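S.K.: Just passing along the structure, written as structure tokens.
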Amino acid sequence: MSLVPFSQLWRGVRTRGPVEQASSSSSSSSSSRRTWYAPARSQTGVQVAAYEPTAVLQLAPSAVSRRSTPVRSSIIADLSSSGSGDGEGERGDATGSRDEASSAFAGSSKVLKINIDLLLWRCRTSRIRARQTLDLNERKSLYKAAEDGLRRCLALDPADPRAYVVLGKTLVQQKRYDEARQLYQDGCANTGNVNPYIWSAWGWLEARTGNVERARKLYDAAVVVDGTHACAWHKWGMLEKGQGNFTRARDLWMQGIQRCRRKPQSQNAYLYNALGCMAAQLGRVGEARSWFEEGTRSAEGAASVALWQAWAVLEAKQGDPTVVRYLFRKALGANPRSRYVHLAWALWERRQGNPQHCLALLRRGCELNPTDPALYQAWALVEKQAGRIERARELFEQGLRADPSDLYMWQAYGVMEAEQGNMDRARQLFQEGVWADPRSPSTVYVFHAWGALEWQAGNVQTARELFKAAVRVDPKSETTWASWIAMESELGEIERVDELRIRQAERQWEFVVPAGFTTRPAPGLVDTLARFFSARGFGSDGNGSSSSNGGAGGQQAGSEAAAGIRAADSVDLTVDGGGQLRFKDVERLVESNDLSALPDFLSSDDDVEASLRPPGAAGRRQQQPAGSGTGGDNINGSAGYGKLQVPSLVPRPKATPLRSMG
């Protein structure tokens, strides 16, 4: 019988407190055996057998059976080895072993999901607070706390995709693009390449850094993983639109609407918003209104601030103040602190000649969003226009403290100082603006303003170098080319002017919109696709019926195909133009995610105007009694299409955040 020192016996074994040990030892015999968890240095929990002491000395435990839970040899050696030395040193070794064991055991045990959720919530709160604080040091500390917490989440559960997305967004906000790219790559590998959120976030990063082809592949991977991921469809369409591919962007957004209609979610509203904004950009006001109206019909769309704000901006160009204010109020009802709504509404009130309303909106927007530089810049420009230069300087300084990397703020501040005759101060502001974010494409505005300043000051050579730097950053900047050519023409440099015009023509490219392009699908194409999706079981479901014009015919074809699946392959879909399109052809084209490969179903017999109307509008007009004079009337009292109807479908809110401004 060998005796083992007390401190050595309990090395590496988790025990209870002194009170619990005393109560346990008084009620248990010396031969009672209990099972404890002893941690290993390899972050693996193992079981060892130990005796609970009933006296000062205790018999050494018997050897652990290898038929039970496997135990590493290092742990067995630590538990069975006997040491010599003074008692204080041994107690110190035991204490250190228990502390190390506790931390290792915490990492080895299965982490509850609620603990990760709470940690993610704290990190999200820290990130939001960092974006809302004006103290630079506090902002850095909050970002550091959020990053540390998110990396802790990844250490606890490397397969949780939420931590990768949030941490990547945090890194992108700090312009740490390489780290974010590596993080997304690790996230895809650790989650089995099946999470669309990581793919979509990675694609947005590549699109932001100018890697268009790589972004396309990543967005394609996101929609392959999950066809109902509206975010990927929206970002992919925005990428194609930025490259001038309007048809491809429209097809992607419409395909996203068809796919995501089965899954009601708030992100679907951005697809309608993108189509409406593209129609408004191309001057098709009727189509834009149709998309905005269709998007706001659902509960998710009615709660989307982006739809209401874009609709209000569209109507602001049409000149009806009542409708514009109503739509802006609806936008603030969806998000009372939206910085975009406050800014757009304030600028519109300024154009309407209401400076007090404009200042009230800007003041409220800055109070709700203290770190948004665009609001400070707009407020400063309003004060400058009113002749309050000192107040404008204060607002510019506040905006720079809110976001020192905002190049638009540096440019506007420098232009104001140049207009006041402070040339040296303007040069200093332009230089600091270039230093703030030298890799940003927005530096073209700073270089252009600086070059115009040097041109007016008579420093022609310096102005040439600044204009050259501007076109190097953005070769498509028409304003920079025009200013440079105007300066050379003023100096009489005819040969240099011709050379600049040739260089501009070589570097310029414009978006070419196809002839007859429309964001509303042709009736024949909608009818064919509706029949296809109905036959596949995607027609009208519990989430809401299809809003296409050919929905009734599609439902009938779908019911017939559902009666016999074998007959579906031989169905011929009649096109309005008179041609025949077999069901298998449509199935192959749609499943290939390329609607642009479908033939043009638009014929001379198609009612193009009917396709531009919002779905269901004709039905509502037919159901309305003849004596009623409100259903088909627009704001001005006429019955023609193209005017926004009186927005009485949704009751006007009784209380608005800015009621005094109505």
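Yeah, the Cβs are placed from backbone N, Cα and C, and that goes for glycine too.
Keep in mind that what you see is a predicted model, and the values were worked out from it rather than measured.
Below are the features I grabbed from Swiss-Prot:
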| type | residues | note |
| --- | --- | --- |
| COMPBIAS | 23-32 | compositional bias 'Low complexity' |
| COMPBIAS | 88-101 | compositional bias 'Basic and acidic residues' |
| REGION | 14-38 | region 'Disordered' |
| REGION | 75-101 | region 'Disordered' |
| REGION | 540-563 | region 'Disordered' |
| REGION | 598-662 | region 'Disordered' |
| REPEAT | 126-160 | repeat 'TPR 1' |
| REPEAT | 161-194 | repeat 'TPR 2' |
| REPEAT | 196-229 | repeat 'TPR 3' |
| REPEAT | 231-263 | repeat 'TPR 4' |
| REPEAT | 269-302 | repeat 'TPR 5' |
| REPEAT | 305-338 | repeat 'TPR 6' |
| REPEAT | 339-372 | repeat 'TPR 7' |
| REPEAT | 373-406 | repeat 'TPR 8' |
| REPEAT | 408-440 | repeat 'TPR 9' |
| REPEAT | 444-477 | repeat 'TPR 10' |
S.K.: Need one number: mean pLDDT over the repeat 'TPR 2' (161-194).
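M.R.: So the average pLDDT across the repeat 'TPR 2' (161-194) works out to 91.
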S.K.: With a Cβ cut-off under 8 Å, give me the same-chain residues at least six positions beyond the ends of the repeat 'TPR 8' (373-406) that come close to it.
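M.R.: Long-range Cβ neighbours of the repeat 'TPR 8' (373-406): 134, 136, 175, 339, 342-343, 346-347, 350, 355, 358-359, 362-363, 365-366, 412-413, 416, 420, 436-437, 440.
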S.K.: Return the stretch with the most CB pairs under 8 A relative to the repeat 'TPR 1' (126-160), choosing among 196-229, 305-338, 339-372.
M.R.: 339-372
